[in-house]
Each structure stands twice: as structure tokens, then as C-alpha cells.
Amino acid sequence: MAIITKLALGAGLAALLSTAAHADLTGKVIGFSQIGSESGWRAAETSVTKSEAEKRGIDLKFADAQQKQENQIKAIRGFIAQGVDAILVAPVVSTGWDEVLGEAKEANIPVVLLDRGVDASADLYLTGVASDQVKEGAVAGKWLIDTVAGKDCSVVELEGTVGSSPAINRKKGFDDAVGATANIKVIRSQTGDFTRAKGKEVMEGFLKAEGGGKGICAVYAHNDDMAVGAIQAIKDAGLKPGSDILVVSIDGVPDIFSAMVAGEANATVELTPNMAGPAFDALDAYLNGGTAPEKAIITESKLFTQADDPQGEYDRRKGLGY
Amino acid sequence: MTRPTAQIHPAPQPPALRHRSVTAALLRPQFLALLVLLAINWLLFPGFFTTTWQDGRLFGSLIDVLNRGTPVAILAIGMTAVIATKGVDLSVGAVMAIAGATAAVMVTGGHSAVLAVAAALATGLLCGLWNGLLVTTLSIQPIIATLVLMVAGRGLAQLITEGSIVTFTDPVLIFIGTGAVAGLPTPVVVLIALTILTTLAVRRTALGLLIEAVGINRSAARFAGIKASALLLVVYAFAGLCAALAGLIVAGDIRGADANNAGLWLELDAILAVVVGGTSLLGGRFSIPMSVVGAMIIQAMNTGILISGFSPQFNLVVKSAVIILILVLQSPFAANLLQRRHLKAPPKAQEGDRA
Amino acid sequence: MTAQDAEALLEARGIVKIFGQHRALDDVSFALRAGEVHALLGENGAGKSTLIKILTGAYRPDGGEVRLQGAPVSFRDPLHAQSHGIGTVYQEVNLLPNRSVAENLFLGHQPTRWGLVRRKEIEARARNILVTYGLDIDVREELSSFSVAVQQIVAIARAVELSGKVLVLDEPTASLDRNEVDRLFDVIRSLKARGLGIIFITHFLDQVFALADRVTILRNGRKIATHALTEVNTTDVVRMMLGKDVAFDHHLTGLAGATHGAPCVRFAGLGRKGSVAPFTLDVHEGEVVGVAGLLGSGRTEMARLMFGIDLADSGQITVDGKPATIRNPAQAVAAGFGFCPEDRKLDGIFGELSVRENIIIALQAKLGWFRALNREDQIDLAGRYADALDIRAANHDMPVKLLSGGNQQKVILARWLAIDPSFLILDEPTRGIDVGAHAEIVRTINRLREEGLGLFVISSELDEVVAYSNRVVVMRDRQMVAELTGADVAPDRIVQAIAGTPVLPVSAVAEVAP
């Protein structure tokens, strides 16, 4: 009973809210095929998607693929059979989607890709919502340029897993940004495999190789986890992260905000877990207004620094499953 | 009943021979490889051997090699025993994650660190016993039996941490990962202690010989009255315990349990360390200290790549090239080549005599 | 001794082969003619295997040369030698037991069409080939469904089809019975008539005289002589092999029925369904109970039950008058039992462990994990028993796999003596062992008896069984069918007991069509 009341209340609230936007997804059934829960960010994306759906009164059918494409295809076919109004997919791989996307198109069910793209004809899906990884790197680079304000700065870079697209793109964005300046130089670059442990190990090596860290002005990590590891390595070397060595990274996970609270991290560029919000907005416009969205919706790459209420940001994220 | 006895001169080992065997041990290709790698590291980075005293502990790249090599070395100690029985344990990486997760969740849940450590070690022991039961009672091939836990174990760890990195501030756990004892990082001290204890345990008791016997010929071991199943159970349980210890160290190091990444693929590094250390995958003769040396070879290489400034794209290429080189050096082929050179002279001299 | 043989088909001249510091072969020359069976004799360790491995390309000589039909050759590996006409058949059939006979015959060189194996053609050709060997069998059946003799002939046929000039037979008769050996000899004679040169390695002197034209004798890596068998007799050959006169006094008299001590073990109604029918047997201190019977009669199975390798489903075991539970070998060892298994390599030897460790391992297993024998104790024990049994090894730290078969057997025997057993099971203790070691093992059995052990000895060689047994039990069709004592312990009586019913082991020879 209580649940039903709550749902009804939520639906009513959502209806109220969306009247303002003269459109409504209340009561719509939307299937969501998630990759799995391989990282904290992924878990946060799932919980944000669920809460975004609840906010809009959407009946969200959630399917966890546990890292397997065949599970995703199975789930999508299930959604089609149930006759859902729309489907969200966070594809686990980029190939092999033509057939099942074709089936959805035939059934007239719009599909929105979340977070990652696919190698399939663009008319098989409505749109894709993703972040601009190059831009994330660029925002981090720009922050560093502004912060050092013309002073010489030697940067060490903790790259993501070799060959992965976030590693390639976040490197490119940063390089493009700081490449234009003469004062900022990336002196060392190694992969930390996106993990804390490797981030710490690589940073240890960098510190030794650069005279105990005296030559390092900033560390740029392709994700926050590596930055957290690097912060520990800097502390172990007897230096102060955040002041002796600046720390900038990407993702915006809770632990980097608590590091900011402690003054040990300087900035992070958020990869928002809220891919579903823009996706629902696009579906709303499409289903209710008949306007097809752009083929690619880019989420905002928002910069957070110690000045942006890190404690508050930490609290807001803590419960999301990071 | 008197056995046929003969007056025997049990040819006591001349002290010279013992002496020579120590020198021979130091001349093994593994030590050579380690020295060469360290020398290369020094060439790439002249400060490599510089070790300073900082905040009450030794600080330097050499210490980093030891410290970072420790988790794999600890895994390799357990793995050596398993491989000596002609088995293999693919689950140790996942067990690391499980143990780390257990300890982290315990301390964040308000339990004492001692209890958390005990629980983590017990979990590792249980995981090892599980593997051992599959191998002995159900006679499943070790590679398959331990694959079960390799796959399921990481999921188990994720269940424990609920998918996120569980960070903690417990000083005891952090001390295990990052503290220092007598100037050396705690993990290194743990490793040294474990190496010595395990070596004593297998060489001062009959365990080492019996493990080798089971690995060389399980059927003959049975005929000789060796209780192979009990031995295998102990060996797998020990590998699980080592994995738990490594898991605690890794978790303590990053002050958090990362169920997704802790120990990921480290089982392969551990197997490699054992093989580089000279223990055959076909079982039999094994050496715990040499496996530790094997782990340090791998780490010296990793650290070398790290400080070399090469582009990370070359990491795996360099790594595999070095490993191939080391394995070739210790292959029977190379041994034959060396031996032939060694022996070429005497036969020739004899032919000369005859002529 | 680099005499050259103008008629030689395959010739080795002045071969030297060195392993470490050991000269396995020292200036050995050997010539095989077309159309002859040339026996190669020598004790274990004499260098027979090494010579064969050089002739067939498995080893490369460190000196000397190999000539084929007068031209020097250097084989890369046995496959290369095979392509030059030299085929080898080993004691253990080296084929794939779970593939058909036809597939085994053509494995690796199947006639194909467009990459596909032509099954029908293979089978037809296989049938035709095997008929010339006197085998009329269903070539589509799995190889393992036939007797060892048939498998052996298939292996020979394969080797001859692939090579066709020289056939090397390395102890082909070791696991065959009388009829099978005769069948095999017919095949070999027909191949000889076809002009093949055949090198025949065996431990059975009578077979050498029955089959071979010439014999070459090796001792300690040197060639002693080559003779036509019309020129020499058995004594000559044994003398050349051993380098001394040995008297084979197998026929000890007055042994049967000799006094013996109290019962040391009693097996009452011990049995296992499908393996051995329940049997009751006492073995006394200072007594050797011999076991006779054909292969597959249940002899080995009986021993396995006694030692707890297979679990008995009926019966009790009493040791020194007290009931004992033996459900696994560890318990058997604890009860003072020892077991030298038939298959040394598979069930006995720890190849990479040292001679010393191989000797002390059972005692160590008995002592448990934590009461380790220290190095001095080990050296002392190994030295004592190696000396008592005259185990010839350069040192006791060398891997036992480098020893000859006879010495390995003695190592296993030493292993059991080291636990100070009261009851010892020996399964074919003299199989695959050279003449000298053979006699020593027989002497050792007698000595152990005199020292008060109870022994249970399985052997296919009746002369031998008679030589050391106080009593002989006869197995047939997985049952204990007779227990011979006193004057009945004689070869002819045993043969009668084995053949007691007209049911001969037909299965073993049925496929061998006349």
C-alpha cells in the first residue's frame, strides 16, 4: 500500500513538474539494459537512472547484463516483447548490435545509447548520451593553465589502461590544452590502469625519478582513483599533495571530494553519472513532441575545485553507490 | 630382525661441496637476471640505488622494488607449493580481493582490526580449503577447480563491498600496508618472515620432500604410503592463506578494498614468478626463496619500465621480451649449450692422447 | 674396432656418446645386414638404448658416424630416420589406444582427398596390410580393445609400412605370453624373408637363440663382440655380457616345505567384486609365497587388495595375530607392509628425486610430516641399503631416473627394506632387468626370507618362482585355484594348475588368426 501511494505521489509530482515543460513521461515503460556494476561510477549511474526515472514517473525495467553482450541482447528482446515505450542501453561492446537494434526499430521502439557508442547505422537508434572525454582532459588542462598562471610547471601524468578510449581521449584533451603553453610540460607519463594501487605505485616511481618529487609541480590523473593513490604516494614521500604538488583528475567520485576537503586534491572534472536525465528529456521531446534529437548528446564536463563546496558534493554523492 | 647391513661409509658431504653449492646457487640465472635488471635500472636512472632515511624509514627505488614486489612474492610462496604438487591455483587474485573486502567491511562496520585481520585470513584459508577439496575429493583438475573461485571469487568480493571501494582509516590495517618496521616497509618485513618460516617449514620437516614426491609421481606417492590428499589440502589452504595476506597488504596500501581491481591478474604474475624462480609447472623440485627472487625480477622489471620514461605502450612488449630472455637462459637448451662448452675440452685431450 | 662390413645395410662406426662426465658409448661399431635378425644384448646400462637412440636419430653421437647403405647419414630426429627407412617399435606400444587400428596404422600420413581423411580407403588398406601379418581383425575397432600382442603387431606393421628397410624392436616380447611370442616371431621371420634388417633387443636369451642370426654384445658402453649364433652357446653369451662366469642356481632344492616361523599376516576371505574372488592366505615369517598365473589372472589385483590400493569389499586382514584395518597404502605401510609394484616407472620411481630420497621416502611417509629424517640419517640409511643391495649409482644425490632399470628396482626394494617391513609384496621384481641384476634380485629374495620376512612374490617366470618359493599359489580367472606345497612346487605342476581347466586365456590370442 505504502509503495503504491508513494509511486502515485511521485507520479503526481512528476506530472506536475512536467506540465511546466508541457510534456510528460508519466506512466511510460522504459527498459534499461545496464552493463553491470564493474565500477563505482557504473553503480552511481544505475542509481541516478533509477531516481531520474522515479522523478519523472517512469516505470523503469532494469536489466543487469553482468558484462555480457548476449545478456544485453536477450534483455532488449525481452523489452521489445513486453512492448516498452523506449529502451536505454549502456552497450558493453561497440559491435554486433545491428540485428537487435533493427528489431527494436521494426517494433517502433526508440533506443537511446548511454555512455558509450556502437558501430551500427545511425538510423537504428534515436540518440546517444555520452560525455566528451577529450573535453574532460581539456577542462583539466585549462584549470592547470589558469592555476599556475604562467609559472613553469612540470606535470606527471597517470594514464588510464593502455589503449582504452578514455585514456587516449583524456590524454589528447589535456595535451592539446597545455601544448599551447610554453610553461607547462608533461615530463613523465605512465599507465596506472585506472586503479588506486597502480596509481600509487607509478607515482612512487615518478617521485623517485624526479629527485624525490622536487621537480614535480602537478600530477594529472585520468581518473580520481589513480589520483587518490598518487596522493598517498606523495604523502609517503614527505610532501604535501595539493600544495607541494597540485592534483587534478577526472570523474568526480566521492573520495576525491573528501581529499579536496582535506586540501590534498585540487580539482576534478566531473563525468556525470546522470546520463539518463538528458536521455529522458530527449525521449520526452521525441515521444510527446515528435522532435528527433541530435544523434549525439554531450553531457557537461563540469569542473569542481576546493572552492566548490567539496563537503557538500561529497555528501550528495556518497549514497549513489560509488 | 636384522637387515642386511654392510659396513658403510656414508660418504659424508665434504664441506667444500656445500660451499660450492652456495656459490652455485648465487650463480643461478635468476640472480644473474636480477642483477642485470637492477644494473639496467641504474643505467636508466642513476639514483636507483640511492637509499635515504626519511621519516623513520628507508626510502628509495630499491625499497620500492621490494615493497611493490611483495604481494606477488607472497602469492608466489603459496603458488610454489601448489605448483610443486603439479597443480596451479588461479584463484589467488580473487582471494586477495575477498580477503581485502572482508577486512575493510569489518573495520568500517566497527569491529576491531585484530578481528578483521583474523577474519580475512580465515576467509583466505577457507577459500584455499575449498580449492583443495575440489582437487582432492572431487578429483577436479586444479586449473579448472581453481578457475571456479577465480571467476566467482571476484563477484563474491564485490558482493561484500557492494560494488564500491570501501575506504577505511583503521591504523592497524593501514600499518600492514604502509607502515614500517625497523626502517623497512611492513609488507617487506612480512615477506621476509613468511619466506623464512615457509622455507623452514618445508625443509626442516618432511613436507617439502613429500610435496615434491606427490608432484613428481602421485601414483608412486600413494604406493609409498604418502597421504597425498591431506597434503594437497594443506598446500591449497596455505596458498589461500598467502593470498589473504597479500590481499590485506594491498588493501592497507591504498587504505581501501577495491574488489574490482585488487589482485587482478596477479595470479598470472605469481605463476610467472614461480616459473622464473625455476620451479617446473610439471611439479616436483621447488624452491620458495627462488620464487621470491622470481617475483622481485618481475618487479624490478616493472619498476624499471616505470622510471625509464618509455611510453606505456611498450610496457607489455618490454616485459614479455625480458621474460622470454630469462626463460631461455634457464631452459635445458641453454644449460646444454653451457655444459657443452664446459665439456668440450676433456674429450679432445683424450683423443690427443690416443694419437 | 672399426671393422667395416661391406654388406652392411645400417652401420655405426666408432660411436661415442657422452652424458655429463659419463661415457655411455665408447667407440662402438655395429653393422646390420639386410635380411638378418641381429640381437643386441647387454646388461642394463651397457649402452643398448643409447646405441639404438643414435641409430634412430633420437640422440646425436659425440663421435663416430652412422652409415645407411654405405652413405654417411645424420638424422635430425626419429621422424627423419623413419623417412630414411628406419622404424622402431618399443616395449610399450607407442600408439593411440582410443583410436581405431586403421587410424593408428596411418596416423600422420593418412591418404586424404581435398584435405579430408579417406576413411574407407584407410580401412581397406589397413585390412590388406594386416592380413600379410596374419591378422584378420576389424580394423575399425579401438586399438585398446585388442591384446598387447595384436597392438605390438600393429605397431610393427606401422613401422614397416612407414620405413621398410630397418626395423628396431626394443624388448617387444616383455609383456607377451608364450603363444603371443611365437606369433610375433612368425611375423619377424616373414619380415626378415622380405629382406628387412631387424635389430632385436631383449632380455630373454632363449628368444635370441630362437630368432636371431647374429648377436652383438655390449658391456659398460663398449662393444664386446659380434657373433653368428651358430658359433656361440648361452654360456658364452652370458659370460660376454657379465664379464664373468655366473652360475644360475635357480633350482634350489629342499626349499619347498622347509620350516618357517609363525604366521605374520593372514588374509581371510579378502576379495573385491569384479577384481579378485575372495581368497584366504597365510604368510609366515621366513616364508616366500610365490604367485603364478597368466597375465590378467588376478595376480596383481590380489596384491593391490592386500596393500589397500584397491578397497576390498570382503574379508579381514590379521597382522601378527591382531586384526588390522588396511583401507589405503598408508595404513598398509603402518602395518609393516611393503610393495614393489610391477610398473616401476608409473607406480614406483620418483624420477627427479635423488636415489637417497627415493630410498627413504616410504620411511619418511611412515614417520609423518613432522618427524623429518635429517640429512645424516638419510645418507646413512641410503648408504646402508644401497650397499646391501649393491645399487650402482655414481652418487646418491643423482636423480634416480638416470639409473638403469635393475638399479631402480633395487632402489624400490631398498625403500621398503628401510621401513623394516614384516611383509613384502613383490610384483614381477625381475621384469625388464638384465641377467646380472636378475640373479641378484633372486638372491636378495632368498636372503630376506632367511632373515625372517614374509614375502609374496608374483612372477611370470616359473623357474624363478620355483627357485625361491616355499609355497606357490596359482591364480586363474581372478580366482585362487591352487596352493602347491612340498614336491608340488615344480614347473610342470604349476603349468598343470594354470591350465587346470580347458579355458585358456583365449581372449589374448583369439584375434591372431593362424
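The backbone N, Cα and C atoms fix where each Cβ goes, glycine too.
In TrEMBL this protein carries:
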TRANSMEM  B:31-53  transmembrane segment
TRANSMEM  B:65-84  transmembrane segment
TRANSMEM  B:90-107  transmembrane segment
TRANSMEM  B:114-133  transmembrane segment
TRANSMEM  B:139-157  transmembrane segment
TRANSMEM  B:231-252  transmembrane segment
TRANSMEM  B:264-283  transmembrane segment
TRANSMEM  B:290-310  transmembrane segment
TRANSMEM  B:316-338  transmembrane segment
Which range wins on Cβ pairs under 8 Å with the transmembrane segment (B:90-107): B:65-84, B:231-252, B:264-283? B:231-252
Tally Cβ pairs under 8 Å between the transmembrane segment (B:31-53) and each listed stretch (B:65-84, B:114-133, B:231-252, B:264-283, B:316-338), then give the stretch with the top tally. B:316-338
Between the transmembrane segment (B:290-310) and the stretches B:114-133, B:231-252, B:316-338, the largest tally of CB pairs under 8 Å belongs to B:316-338
Are there residues at least 6 beyond the ends of the transmembrane segment (B:316-338) whose Cβ is under 8 Å from a Cβ of it, and what are they? 28-30, 32-33, 37, 272, 275-276, 278, 297, 301-302, 305, 310
Counting Cβ pairs under 8 Å to the transmembrane segment (B:114-133), which of B:139-157, B:231-252, B:264-283 comes out on top? B:231-252
